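This report concerns only the one structure given below.
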């Protein structure tokens with residue numbers, strides 16, 4: 001997924017080849033991860049796409065089906081992966097993910113501990129941030145889930161950056177081999193306060209911990225536990241509002257004969273033909289999307305106290 | 001560069017860049033962020049034997065901070081030769097109140113300024129006799145007629161207030177994108193175009209900034225984005241700042257980061273004309289290139305030289321809450337070869353022309369986004385991600401509409417991050433009373449190949 005040698009780098013001169021992982025983009029809310037194979041086909045509502053037609057085209061190309069329908073072929077990114085991965089658990093989304101990565105002060109070379117692995121949505125972004133020389137050790141107590149995550153990291157080419165372990169971190173803590181070595185620790189557990197004492201032993205001094213909990217009671221209990229070994233304990237909620245943009249025909253009051261049509265939207269397809277007739281009243285308007293996520297979880301961050 | 005801290009170089013993570021991008025102990029000449037009294041005042045400083053800060057009316061040398069771990073705290077104490085900063089070791093026992101029931105309330109509190117029997121003169125007298133800040137705070141409590149009647153919550157608040165005044169604490173923070181952006185946002189948000197830390201983090205994610213990326217940047221926020229991107233690249237790839245005309249935009253904030261010799265040379269600039277000039281294998285007119293580079297080197301000196309105008313103007317501030325100390329610039333060991341913000345090497349420009357940039361970030365608060373996008377988007381690889389920051393929604397909406405109409409990009413989205421902080425304390429959990437109402441807007445998307453006509457049916 002991320003380029004670790006220049007031949008894999010995204011570029012004009014890099015063409016899709018057999019075995020590449022692609023994100024097939026139909027619409028912003030309809031994407032799919034596909035591994036290219038010489039004999040493969042993709043079938044969707046637009047028709048049948050032959051992989052062999054894709055090979056040799058640059059990433060970012062528009063490709064057509066037997067019926068003339070089209071999709072775009074994109075190189076995978078952590079953000080796109082989050083939208084297409086198979087949900088084995090509730091996953092973290094971009095607003096939380098990007099904030100976590102920055103607030104945990106993760107830079108290339110860092111050693112990061114995570115539990116649980118879940119569906120690996122955050123893990124993918126953690127891996128991007130520690131690359132090329134750091135490592136993410138992620139733990140889940142669910143054996144199959146860990147195995148599926150491992151397969152995913154294999155598929156996305158991250159297995160040299162991520163190690164998945166099966167372990168009950170709440171019950172037994174992180175493995176001793178990480179004592180005092182972790183730059184950052186991320187917890188997404190039902191009872192994070194049980195894992196905090198272990199996390200504090202793993203962190204370097206001044207290292208940052210983050211705990212994600214959907215419920216305020218969990219955050220409250222975590223904060224109480226954090227206050228003994230940690231400082232700078234802060235809890236946040238982060239959300240993303242998205243906007244829809246349209247070019248509309250807002251008619252003036254004086255010209256409005258019927259009164260029933262106050263807002264006429266001008267669809268993209270019509271714009272070129274009849275949109276310009278009323279050029280003076282064409283307005284680009286933005287409004288928040290009607291539906292949005294109202295809550296994901298509370299993010300509690302804390303720094304290990306310096307005692308040396 | 002200075003020798004590595006031993007525990008860093010033996011770190012088992014075995015990375016190349018772990019060695020000193022992530023140093024956790026200060027060294028002579030490093031840049032630090034000093035947080036005084038829990039964010040009441042923040043300042044950037046460079047740790048040298050001679051650097052000093054003023055806390056209250058006392059001038060303290062920063063010498064004792066050299067060699068201390070980031071994250072450690074200091075208090076002003078009276079030494080033989082005047083006030084000194086002395087390390088406060090943090091205890092690991094809990095310091096939070098454990099109260100389940102509160103029987104006291106404020107019905108007896110009368111605000112008539114007679115509760116405190118210690119006068120200003122008394123306190124000055126204590127100071128003359130060498131009382132420590134903590135002792136003064138204790139005396140204030142002992143002489144407060146109302147302290148015992150206060151609820152435990154307000155006792156805690158009172159203590160904190162007095163401690164800040166009489167025994168100020170200095171916290172030594174690592175200057176990372178997170179802390180630098182937060183410090184600026186808190187005290188001088190206008191200098192970074194009101195770019196909130198969560199917005200900055202989104203820019204980096206949405207633009208898919210990762211190791212080995214070649215990131216094209218239009219950073220008119222004094223280098224905050226440049227620094228944040230360079231931090232993520234960790235000495236791989238390139239951050240190329242582009243500009244219109246002959247003068248690159250200043251990137252003073254980059255100096256606040258402790259970038260090592262692997263990272264700094266990765267921060268380069270090139271005018272948009274130069275980036276376009278190798279099109280079809282033609283070289284740019286020589287004189288034009290020379291022109292630009294001479295002007296740049298003059299500019300460079302102005303930024304880096306200790307006596308330069310820039311360093312001084314950075315220091316000016318209206319409220320005294322955030323200072324950038326002169327010696328941040330002054331004591332930078334200027335090694336021309338490894339300085340951040342050089343001209344992009346010609347070979348790199350040629351490669352970008354051939355391969356395209358892998359990411360694009362635009363943060364130009366006073367320019368029309370579409371005017372920039374139409375110039376720089378063609379420099380991006382197909383399938384590359386871009387993210388455009390603007391404080392206002394409308395310019396991005398117009399830009400998005402045009403990008404859609406011209407079919408230059410897909411996955412177009414305008415997002416506005418929302419960030420709320422909570423006070424989480426036993427029986428006192430609620431959102432902060434004040435919050436930032438906007439972190440600005442981001443238009444993001446993916447560039448696509450325009451080759452619609454070459455369809456295979």
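Cβ coordinates come from backbone N, Cα and C, glycine included.
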Seminar exercise, completed: S-adenosyl-L-methionine binding in TrEMBL involves A:119, A:120, A:121, A:122, A:140, A:188; of A:168, A:229, A:232, the partner in that site is A:168
Exercise. Residues with Cβ closer than 8 Å to the Cβ of residue A:121 (S-adenosyl-L-methionine binding site), same chain and 6+ apart in sequence?
Worked result: A:81, A:82, A:85, A:91, A:92, A:93, A:97
Seminar exercise, completed: CB neighbours within 10 A of residue A:188 (S-adenosyl-L-methionine binding site), counting all protein chains shown, number 24
Exercise. Counting across all protein chains shown, how many other Cβ atoms sit within 10 Å of the Cβ of residue A:122 (S-adenosyl-L-methionine binding site)?
Worked result: 26
For this session: Ten-angstrom check, please: count other Cβ atoms within 10 Å of the Cβ of residue A:120 (S-adenosyl-L-methionine binding site), all chains counted.
Result: 32
For this session: Pick out which of the binding-site residues A:140, A:168 has the most other Cβ atoms within 10 Å of its own Cβ.
Result: A:140
Seminar exercise, completed: Record-listed S-adenosyl-L-methionine binders A:119, A:120, A:121, A:122, A:140, A:168, A:188 have a maximum CA to CA distance, in Å, of 20
